[in-house]
Structure formats: C-alpha cells, structure tokens
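Dumping the structure here so I can ask a few things about it.
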Amino acid sequence: MMFAIEQINNSSRVLPGLQLGYELHDSCSEPLVALQPSLLFLARRGSSGIALLRDYTEYQPRVAAVIGPHSSDLCLLTAKLFSSFLIPQVSYGASSETLSNTELYPSFYRTVPSDKNMVEAVVLLLSQFGWNWVATVGSDDEYGRGAQALFLSMASTNNICIAFEGLIPDDLTEPNAKTQLENTIKLINSTKVNVIVLLAQTSAAQALLQHSIRMGLGKKVWIGTEAWMVSDIPTTTPNIQSVGTVLGFVTRTGTVPGFREYVAELFRSVTQEEFCRQSWELSRSTDAEELDTPCQQCGNVTLGDIWPMLEVTAVQPVHMAVYSVAHALHRALGCTSKGCPKTPIRSWQLLHFMNTLPFEVNGQSFRFDQSHGTNTGYKLILWAWRDGTVTHLPVGNYDQSLYIRKSQIQFHTADKKEPTSECFKRCQPGQFRRIKGFNLCCYDCTDCSENTWSSTDSTSCSPCPRHQWAPARSTRCHDRGERFLFWDEPLALALLSLAALAAALSAAAALLFLRHLQTPLVQLAGGARSLFALLWLLLQSLSCCLYVGRPGAALCSLQQLSYALCLNGCFSTLVPKALEIALRTEFPRRAPGLLRWVTQGRAWLLVATSMLAQALLCLCHLHLGPDYLVADYESLPSEVLLVCGTQSWAAFALLHSYNSCLAFSCFLCTFMVQTPAGRYNVARGITFATLIYFVVSIFFVVVFTTLRTVLRAVTQICTILATTLGILASFFMPKCYILVFRPDLNTGDYCQNPSEQQPEQDRQ
C-alpha cells in the first residue's frame with residue numbers, strides 16, 4: 001500500500017499537486033483490534049471523537065477512504081460501520097458472498113472475486129473430471145461457512161453428491177478440537193470418497209492435513225482455494241506429499257512493476273541511522289489515545305523471510321485498491337493535467353465515481369461490477385513436488401468457463417490418471433436415475449419404458465404426448481402413424497375379393513332370375529320381389545367398401561345404416577312369401593281371404609312399409625347416437641387406431657332389432673312346413689337363410705362389442721359377407737342350380753306351393 005501511495009504522490013497524472021496521506025494499522029486478525037482503528041477513522045477530522053448529527057452530509061471524517069482489511073470476518077464487522085457513514089472501504093482479500101449485498105454494505109468494495117465465482121470454478125472442475133461423490137470440509141468462520149454453503153447449493157444443482165460435510169473448529173486449542181478433527185477424518189474414510197473439497201483458512205487446512213496423514217487417510221484428491229493453497233505453512237507439514245494430489249484455484253493477477261525493488265530498498269534503509277531517528281520521532285509524536293500495537297518480532301525480519309511473499313496474489317489487489325480510491329478522488333475533484341483544485345471533498349461523493357467509471361492500473365483497465373467486486377478470473381494450480389519442494393504449477397484457467405491442461409496433471413494413481421470418485425455413473429440417454437439405499441445421491445440407471453423418454457442423466461422419464469410414442473430407452477418421442485384397414489393390405493384385399501364374389505353372385509343370380517322371371521320356379525320364389533332382394537344383396541356386398549380406408553365421421557355414421565337398410569331390403573321381400581306359406585299350410589280355410597294381402601301387388605306394399613319402418617329407425621339411430629370416429633391411443637404402442645365407435649348401444653340395438661324381428665317371423669312361418677317328396681320346398685330356403693342370419697348375428701354381437709382394434713372393421717365385413725353368402729347359398733343358389741342345370745324341374749308340378757298338395761293328401 002505504501003508503494004502505491006508513493007507512486008501516486010510522485011505521479012503527475014493521477015492527483016497532480018496533491019499528496020495522499022495514510023495511516024497503517026495491524027488488525028492482528030482480531031475483531032476487537034480491527035474495531036479500534038475503524039472507530040478512529042470515523043472521528044471528525046482534527047479530533048478523536050465521533051460527532052452525533054442528524055445529517056452527516058457535511059460530516060468530514062478523519063479519512064476519505066479505507067483500504068482493507070484482508071479477511072471476510074473483519075470486513076463484515078467494519079463494513080457496517082463505514083457503510084453507515086458512506087465511507088469507501090476497499091478490501092483486497094475479503095471474498096465472502098455476503099459482502100456482495102450492496103444494500104447492506106453500500107460503500108464496500110473489493111479487488112478480488114467473490115466466493116461465488118470460486119465455487120463455480122470448483123464445481124466445473126469436479127464436473128469435468130466426473131467426480132460426483134465428494135466430501136467437503138470448511139473452516140468454522142465466515143469464509144469457510146459461506147463458501148461451503150455456496151458449494152453445497154451449486155453441487156446439488158450440478159448432480160454432485162456430498163458424501164460428507166463438516167467444519168474445522170475455529171479455535172484449534174480447544175480440548176475437543178482434536179476429537180472433532182479425528183471424527184471428521186474417520187467419517188471421510190467411511191464414505192470411500194477420493195475427492196475432498198477443502199474450503200478453509202491456512203491454520204484450519206494445516207490441522208486437517210496433519211490429522212489425515214497421522215490417521216492414514218490415504219491419498220486423495222484435495223481441491224483447495226487461495227486461502228491455503230499459496231501459503232507455505234501447509235507445505236511444511238511432515239510427510240505432506242502422502243496426502244495425494246492437491247489442486248486449487250487462485251486469483252489471476254499480474255505483477256506490480258518495481259515493487260520488489262521498492263521492498264529491497266526499504267530493507268536497506270532500515271540499517272541507516274536516519275531511518276531509525278525518524279522512526280523514533282514518529283513513535284514519540286503518536287497520540288497515546290490512538291491504537292499502538294508494536295510488533296515484537298519485526299526487528300528480526302530479513303528480506304529473505306518475506307521474499308516469497310512478494311510473489312503471492314495479494315500484491316496486485318492491494319495496489320488496485322489504492323488506485324481505485326485515487327482515481328475516484330481524481331474525478332470527484334475534477335483534476336486536470338495541470339493540477340487538482342484544493343476544494344474539500346466528502347467521502348460519500350467518491351461512491352458515484354467508484355460505481356460507474358473504470359480505473360487504470362499499470363496500463364490495465366478495471367471496474368467494479370454491480371456487486372462492487374472485480375472478477376479477474378482464476379488460475380488452476382497443482383502442487384508439483386520437485387526435490388522435496390512444492391511449486392505451484394499452472395494447469396488451467398477459469399474466466400466464465402474452465403480450461404484444463406489435463407496432460408500436465410500427474411495424479412497420485414499408479415497410471416498417473418485421474419481417480420474415480422462416484423456413487424453413481426452418468427446415465428445414458430434414454431435412462432433415468434432410480435435411487436438406491438439411503439443416500440439420495442446413489443442410484444441405478446434404469447431404462448425408460450415405452451411411450452416415455454429422457455435426455456442425458458435425467459431424474460425421471462417424461463411421458464410422450466398422446467399423438468406421439470417412443471420405444472423403450474428413447475431420447476425423444478416420434479409421431480404416431482395412423483392404423484386402420486388399408487386398401488392395399490392382404491387382409492383387406494382378401495375381404496374385398498370375397499365381397500366382389502358375393503356381388504358377382506348376386507348380379508348373376510339377378511340376371512338369371514330376370515331371364516326366367518315368368519317360369520314357375522322364379523314365381524314360386526317371389527318373382528320380381530326376388531330380383532329386388534338380389535339387388536339389395538348386391539348393394540350389401542358393395543357396402544363392404546365403406547369399412548376399408550381411413551374412416552371419417554360421415555363414413556362411420558353410414559356403416560351401420562347401410563348394413564341395416566340393405567338387409568332389410570332383402571328380408572322385406574321374404575316376409576310376404578313366409579306369410580303366404582304360413583297361411584297356406586297352417587290356416588288353409590282362412591288363406592283365400594288373407595292371401596291377397598301378401599301376394600301380387602299388395603305384397604309390394606308390405607315391402608315398402610317394412611322398408612319405411614327401417615328408414616325411420618335409421619333416423620332414430622342418427623338422432624339418438626350415430627357411430628363416431630374414435631382415435632384410440634392405447635391399443636397400439638406406436639400407432640393411433642382409427643375406428644368407428646358405438647355412441648349409443650340402445651340406438652344400435654334399436655337399429656338392428658327390426659331386421660331380427662323380420663328374420664324371426666320368417667323362421668317361425670317356415671321351419672315347420674312339410675313338403676311332399678318330389679316337390680320343391682321353398683320354405684326350407686327361407687328357414688336356412690334366417691337361421692344363418694341368427695348364427696352370424698350372435699357371433700357378430702359378441703365379437704363386435706369386445707373388439708377395439710382394426711379387426712372391428714374386419715368383423716363387420718365378415719358379418720356382411722357371411723350373411724350375404726348365406727342367404728345366396730340357402731335361398732337363391734339352389735334355384736339357380738335348377739334354372740341352369742335342371743331346367744326339366746322348372747315345371748308347375750314340381751314348383752307348387754305346399755297348400756296345393758293338400759287335396760291329394762286328403763284323398764289318400
């Protein structure tokens with residue numbers, strides 16, 4: 001500090017024409033000792049007392065600014081005093097993050113980074129080497145507790161697990177301090193960690209290292225900070241090389257030109273008579289009320305004793321602290337190259353210029369950030385042993401990002417590679433962490449199940465949206481494909497081929513019946529009504545196409561209607577014939593009066609009435625709840641199933657119940673009819689046609705109500721084809737056979753209604 005002040009006083013650029021004065025006090029690292037000069041600095045200029053005023057705007061304290069102290073503990077005490085009077089205080093070593101609160105400490109500044117920056121660097125170092133199972137020990141003071149709290153917070157957010165956390169007693173002379181250190185070493189050893197983060201002051205770090213050596217902790221990776229890494233005290237511990245590998249971060253600073261020569265000149269002047277005389281006169285003139293703590297061993301200090309200290313990183317921060325105040329004075333006074341005005345300046349006036357403007361030191365530009373600190377970055381150093389002497393080997397840098405020259409680091413392991421220290425391994429993409437045991441940081445890696453995904457090293461698997469899917473152990477979701485009965489798939493082609501066959505048979509039978517429309521056999525089957533039935537069977541066969549391809553809302557509502565209406569068109573033509581047969585066989589005496597209602601033109605009226613009733617039921621079905629398009633995301637793992645769902649089973653039953661009633665009526669009218677030998681039994685065809693319908697319908701209802709796959713459409717197609725082919729095979733094909741291959745049977749004698757045989761039977 002003296003060197004910086006003398007540089008400024010001898011410079012014509014910073015404060016030309018002004019001479020800075022100063023007072024030096026040794027805090028002895030004791031709060032009470034540091035408090036005494038702090039109170040003295042607050043005294044009114046020219047006195048030794050602090051005035052009590054309402055307004056301190058014009059108050060002129062003894063000093064314009066304060067440089068120091070070095071430790072965070074002392075700064076937390078003194079910063080509250082100086083902030084109350086808005087006196088600038090610039091520390092060159094206090095790194096506690098608490099001091100970054102500018103509301104509590106508005107006039108506190110520092111020329112070193114805060115512990116938050118250092119802890120960020122430590123966490124990045126652990127992450128780059130993959131060390132996620134570590135122990136952390138701090139000194140029981142403001143520096144150690146604050147730094148450890150920051151480290152624990154950042155470690156948890158970076159997937160670094162803390163196997164042990166502890167504090168080293170602040171007073172190592174206490175009786176239980178040794179026991180506490182021994183317990184700390186035992187607990188660290190029980191965790192099986194290979195990396196220890198030591199956030200402590202020099203004396204506390206030395207005590208822990210000594211006990212680890214004495215108790216045989218074994219070689220570990222020790223990650224330290226500037227508080228003890230650059231000190232020569234821990235390195236003098238016997239057998240210190242057995243602790244393992246020591247890595248740590250120190251503030252990145254530059255050299256101060258001319259400082260070594262200045263110190264050497266001071267030591268030469270100590271031996272001169274003039275220096276001793278001035279020192280004696282100065283000590284006699286000092287006010288006895290002021291603090292006077294003479295150093296008892298200072299007379300025995302040589303240049304060789306302090307020479308190593310000239311290389312430490314604390315030299316430039318002190319130099320920067322003095323220059324920051326000098327530049328603020330330069331701007332507050334309005335100095336020019338010719339000189340500075342002799343106007344009085346208040347301490348609080350310096351704060352504006354320290355907050356907003358940069359300052360220059362030895363050609364480098366610096367400025368205080370929003371937290372009133374300077375972040376010059378860090379160097380990663382390694383304790384490298386050469387001939388029993390430790391050297392601080394730079395192996396990396398940190399300035400917002402960490403760069404490590406790993407090839408220059410030789411670890412204590414047999415292969416000189418970094419050891420592992422992990423309770424878990426990084427999970428691969430598509431896996432998540434499943435906690436095992438009692439420690440929340442220890443877990444197994446488990447594959448994500450289907451339809452879930454995870455990124456690298458996730459704590460859980462995220463479900464895919466409904467419209468997407470994912471296979472097991474997936475890192476992302478994929479869009480679902482649509483699944484329905486495609487036109488080009490083999491099953492659809494096979495069913496459509498059968499539908500085409502059924503349609504062709506219906507058309508062929510219709511043409512054949514049309515050609516032989518006036519023959520006895522066709523007239524016995526119903527005549528033109530048979531052509532009408534075959535036409536509806538043809539349409540029913542073609543309706544199979546409604547179930548193939550991508551379904552839609554309109555298509556779904558049309559499917560059940562087409563089946564019910566086409567089937568009704570067929571059964572409506574069979575009902576008059578079934579009633580005619582029943583009247584002729586069961587009620588022969590009343591038949592002549594009733595047959596006119598089920599034959600000839602009135603039979604068509606019955607058909608039309610039946611179809612009209614079915615059409616009304618179709619309208620009711622549309623009103624109560626038509627089938628609708630269902631997007632099923634659950635049935636298939638990777639596709640969305642598009643099917644037509646039943647909205648109302650009551651409407652479904654109402655729609656198809658009428659056809660069932662017609663079929664049941666036809667069955668009741670024909671199943672007991674007996675036909676003499678040698679005569680064609682037209683009733684048997686109706687009986688088997690309705691019987692086939694019932695069997696198919698039973699299977700259809702059972703399967704249709706339980707299926708929620710693409711086979712639902714297949715089931716409906718099969719039902720349509722089975723019903724159509726069953727009616728064709730049982731009622732129409734036998735007649736076609738006679739028309740084509742046995743035309744000799746197409747006679748009036750063979751093709752007679754059952755009642756026409758009754759008289760002959762009576763005569764016998």
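Note that Cβ sites are derived from N, Cα and C of the backbone, with glycine treated the same way.
Note that the structure is a prediction, hence the values are computed from the model and not measured.
Below are the features I grabbed from TrEMBL:
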DOMAIN    491-747  domain 'G-protein coupled receptors family 3 profile'
TRANSMEM  491-514  transmembrane segment
TRANSMEM  603-624  transmembrane segment
TRANSMEM  649-673  transmembrane segment
TRANSMEM  685-707  transmembrane segment
TRANSMEM  713-733  transmembrane segment
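Just tell me what is around each of these and how deep it sits.
Listed by sequence, the residues of this chain that lie at least six past the ends of the transmembrane segment (491-514) yet keep a Cβ under 8 A from its Cβ atoms are 485, 522, 525, 530-531, 534-535, 537-538, 541-542, 544-545, 548, 714, 717-718, 720-721, 724-725, 728, 732-733, 735-736, 739-740.
Residues 529, 532, 557, 560-561, 564-565, 568-569, 571-573, 575-576, 597, 648, 650-652, 654-655, 658-659, 662 of the same chain sit 6 or more residues outside the transmembrane segment (603-624) yet have a Cβ under 8 Å from a Cβ within it.
Below 8 angstroms of C-beta separation, residues 525, 567, 574, 577-578, 581, 649, 656, 660, 663-664, 666-667, 669-671, 715-716, 719, 722-723, 726-727, 730-732, 734-735 of the same chain, each at least six residues beyond the ends of the transmembrane segment (685-707), sit close to that stretch.
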